[in-house]
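Features as listed in TrEMBL:
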BINDING   14, 50, 88  [4Fe-4S] cluster 1 binding site
BINDING   162, 166, 169  [4Fe-4S] cluster 2 binding site
DOMAIN    5-125  domain 'MTTase N-terminal'
DOMAIN    148-377  domain 'Radical SAM core'
DOMAIN    382-449  domain 'TRAM'
Ligand code: SAH
Ligand code: SF4
Ligand code: F3S
């Protein structure tokens, strides 16, 4: 049924979705369908969706609606393109999506990706337009085959779901309760990746720091880092960390595990205790600052990044100023700034929200400006000209195949010219030494040694 067909996967949202997309790709490939780059060439257009903010919702609706009149691909065995929607919007909206998007054929959710083939089969054979969802699962599952985007980099989910219920956030409703994967399985999977040539493993979870609570009755993320480190993989990263569960044990691993990269994403969301409380974040800004201090003590050159929400319901100028001060004092290498977006069904959607849009936008712009200035300063300070960094090459720079792009241990983008007669792709997946010549706001420029 799927032989001689083609599929294109479009992914929105977080790393968990990127990993899910790699597994959906693996699943479709294992049935004989062939991945293609564009929807125009595809018999099956598959969307892995995100609903964390309104913009993400709008992007999906817009993209699918505009595909309505696109011609089917030449040689299509069906005379029709099938549109399948999965991921977080699929989980949230189910059947409603089929009512809203007349060219959508199939909807599935975050807990039942394996339903895609039979749903497509019913659509092909019986013209059925159907949504199939399950509420959640009792155990961790990660057993679909995967087509990894880069053979040298792997996402390794250690938990799925979230129990935190930050009041603004839809994720716990669409991803279900937190489930941890047994530590032996994580170790085995990590070893299999290393044996297959993977250089960088990124451990994934909505809150990796609470890993193990459901399985072992206590958090065991530090032990996960230990077993993954023992595989000898070159680079370990992880996302995301919740400040309330970041333990001293985990912090100390930044000093003791040579392959744990000196970079940490630690979402603060706000610098105001009043807002943190209303967000149900369950830490204070004092505690957050203490964590940063400890981290810098054990790993002075650590690159820190964070997420900040501007315009949470009831945010005053004073609250915003506290956030601004926190961002300024910590000095992040990168800050992901978001304007609060109301999500139906979350507690914050019921909170009084009367700050004018323009005021929020002005605060947002002020913060973005600060972030840029700080990133530039930090990049210059941390990367003095002449320093040599091991860079994991990801491929060619977008505009020029003779320039390579890669990542430093602190996860900064590094560019350098490749030697005459060679192309950047010759180095993809290897770690090369690059001497830094210049630091710019969002990248470093250097010379390959
Ligand atoms: N589990 C991770 C990431 C969750 S979503 C964590 O807790 O850090 C990624 C980011 O999106 C969040 O950190 C938050 O800053 C932002 N976000 C989530 N819901 C939002 C909303 N309703 N409006 C604006 N930003 C939101
Ligand atoms: Fe959302 Fe909070 Fe869970 Fe992160 S920890 S996914 S922000 S509820
Ligand atoms: Fe979006 Fe779902 Fe991730 S809502 S941020 S894709 S968990």
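Placement of Cβ uses the backbone N, Cα and C atoms for every residue, glycine included.
Taking the features listed in TrEMBL, we show where each one sits on the structure.
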| residue | record | DSSP (3 states) |
| --- | --- | --- |
| 14 | [4Fe-4S] cluster 1 binding site | coil |
| 50 | [4Fe-4S] cluster 1 binding site | coil |
| 88 | [4Fe-4S] cluster 1 binding site | helix |
| 162 | [4Fe-4S] cluster 2 binding site | coil |
| 169 | [4Fe-4S] cluster 2 binding site | coil |
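In this structure, 169 are the binding-site residues from 50, 88, 169 whose C-beta falls under 6 Å of some atom of ligand 1. Put plainly, the binding-site residues 14, 88, 166, 169 were compared by Cβ crowding within 10 Å, and the winner is 88. Selection of the binding-site residues 162, 166, 169 by a Cβ distance under 6 Å from ligand 3 yields an empty set. Residues of the domain 'MTTase N-terminal' (5-125) grouped by DSSP class, helix first, strand second and coil last, total 58 helix, 22 strand, 41 coil. Note on residue 50 ([4Fe-4S] cluster 1 binding site): other Cβ atoms within 10 Å of its Cβ, all shown chains, come to 23. Among the binding-site residues listed (14, 50, 88, 162, 166, 169), 162, 166, 169 have a CB atom closer than 6 Å to some atom of ligand 2, in sequence order.
Residue counts of the domain 'TRAM' (382-449) by helix, strand and coil are 5 helix, 38 strand, 25 coil (DSSP-based). For residue 88 ([4Fe-4S] cluster 1 binding site) paired with residue 169 ([4Fe-4S] cluster 2 binding site), the C-alpha to C-alpha distance reads 12 Å.
Each residue in 164, 165, 168, 170, 171, 172, 206 lies on the same chain as 162, 166, 169 and has a C-beta within 8 Å of the C-beta centroid of that [4Fe-4S] cluster 2 site, without being one of the site residues.
Applying an 8 A CB threshold to same-chain residues 6+ apart, the list for residue 162 ([4Fe-4S] cluster 2 binding site) reads 169, 171, 172, 175, 177, 178, 206, 207. Report note: the [4Fe-4S] cluster 1 site is defined by 14, 50, 88, and the residues of the same chain whose CB lies within 8 Å of the CB centroid of those residues, excluding them, are 12, 13, 16, 17, 49, 51, 52, 56, 87, 171, 174. It is 17 Å from the Cα atom of residue 166 ([4Fe-4S] cluster 2 binding site) to that of residue 50 ([4Fe-4S] cluster 1 binding site).
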